[in-house]
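Structure first, then comments.
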Amino acid sequence: MRLPSSIFVSVSLFTAETTAALYLSSTYRSAGDQIWQGLTLLFTLVPSVLVQLTLTFIHRDLSRDRPLILLLHILQLGPIVRCLEAFCIYGSVGRVEEPYVSITRKKQMPRRGHSEEVERQVGQAEGKLFTHRAAFARTSVIQAFLGSAPQLTLQLYICVLQQGVSIGRGTLMVISLLSIVYGALRCNILAIKIKYDDYEVDVRPMAYLCIFLWRSFEIATRVVVLVLFSSVLQLWVLPVVLLNFLVFFLYPWILFWLSHSPFPENIEKTLTRVGTTIVLCLLTFLYAGINMFCWSAVQVKLSDPDLINKSQNWYRMAVYYMLRFVENASLLLLWYIYKTDFYKFICAPLLVLQLLVAYAIAIFFMLVFYQFCHPCRKLFSSSMTQGLWDCSSLLCLMCNTATPQSRPIRPAALEPPSPTPHKEPPSDRAPDTASDTTEDMPNDTTSDMLNDTIYDIPNEIGNNTGSGINGDINHSVSCNA
């Protein structure tokens, strides 16, 4: 049985960040900065309360007679108590013979086209440790993107305004950045284990390193871009943030409405419909918070029984990173245009170039991870390179069909028609090869692209695209004839 080190790391980051934030808020109070003190406490206490509620919900303490545990959660000491409980369970393993065990079956990664199924006995103590690890994996994500990410953005903005970094503020910023990166890493691992629940997943150190570098460059670049933009256009940063947040908050609900699926009732038996709605809103709220700063490895799908989209969708990932790169470049361009004399000691073009290159480096490490270091890459129906190539081809096709008047006219179309009569081919020898090829192709990525296209693109665009494809096929047939 593995040492619960991930639980220790989560609790250490949570405790260190809370302590640093409380100390920094006291310095703001002594300096008379009540606004900074209030915002610092807000971004500390709100995620802390959500972490306590998450641990209570996962362990179902409300339905059990544990008043001391509930009191400690009210005092915001729940993570520390849960960590001590997990280590006590780990220390008691093997000392007492367990009355019963459960048998789990997991598939191994396919080797030479074959995958063996292995049975394994799981004791009661190991099952409890698994529940603790799953709970702290989720609380790490909540703490990272609902607390640490806004906290880091706020403290960096204060540093820019005051043109200085104090020891307390610098310490809190470093801890917040580590907490965000660790939360994003746990989100990636959680997504892998949810999608490939039937397999034994072994994440190697090189995969952890790639994820750490990918998320570090991505999140740091995003935070710096938002701070620079807000320092020169304070009134416009709120619409940008709200637009990003609302798009990702409403996107899962729009897909759920278009799918005409029944309302999910299997989240928790004790919850009413109102309680289930609140839980789903909190889930999409967290999903929007993650996508505000980086790509969410866990894709929410409310029509699925597990509420998670388990398919590997390269199309959605490619669209996200292209749009995010364009947005970051646009915000940096606006900052460069409207920057004041406050930044006269900074080489602005070099800073813009460095930030764009840093985001490109993040994308590079992401490609390396999915292409070479992903623990389940053998289960991909297509490689990431092929998936991104298909996505770019689809986007080019959509652009071409949207602007048919811009296509060059072939010289053959300007020549007069031949006097020989044109012989039409038989109808049974002109099938719709494009549709047949698409239907017969055994590719999960292509089917995901088509499914997402159905949900993401309105019907008018879909009809125009279909007519454009048929027009291209008919045009090519007549030219060849």
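Placement of Cβ uses the backbone N, Cα and C atoms for every residue, glycine included.
Because TrEMBL annotations are produced automatically, they should be read as predictions rather than curated entries.
The compositional bias 'Basic and acidic residues' annotation in TrEMBL covers 421-431.
Feature annotation from TrEMBL assigns region 'Disordered' to 407-457.
The annotation transmembrane segment is assigned in TrEMBL to 36-58 (among others).
Feature annotation from TrEMBL assigns transmembrane segment to 166-185 (among others). When Cβ-Cβ distances below 8 Å are used as the criterion, the transmembrane segment (166-185) is approached by residues 9-10, 13-14, 16-17, 20-21, 23-24, 27, 140-145, 147-149, 151-152, 155-156, 158-159, 208, 211-212, 215-216, 219-220, 290, 293-294, 297 of the same chain, each at least six residues removed from its ends.
Per TrEMBL, the feature transmembrane segment maps to 206-229 (among others). Outside the transmembrane segment (206-229), and at least 6 residues removed from its termini, the chain residues within Cβ reach (under 8 Å) are 149, 152-153, 156-157, 160, 177, 180-181, 184-185, 188-189, 236-237, 240-241, 293-295, 324, 328, 331-332, 334-335, 355, 358-359, 361-362, 365-366, 368-369, 373-375.
TrEMBL lists 235-258 (among others) with the feature transmembrane segment. Outside the transmembrane segment (235-258) by six or more residues, the chain places 226, 229, 284-285, 287-289, 291-292, 300-303, 331, 334, 454-455 with a CB less than 8 A from a CB of the stretch.
Marked as transmembrane segment by TrEMBL: 278-298 (among others).
Residues or ranges marked as transmembrane segment by TrEMBL: 318-338 (among others).
Within its own chain, the transmembrane segment (350-372) is flanked in space by residues 207, 210-211, 213-218, 220-222, 224-225, 295, 321, 324-325, 328-329, 332-333, 336, 383-385, which lie at least six positions past its ends and keep a Cβ under 8 Å from the stretch. Summarising the annotation, TrEMBL assigns transmembrane segment to 350-372 (among others).
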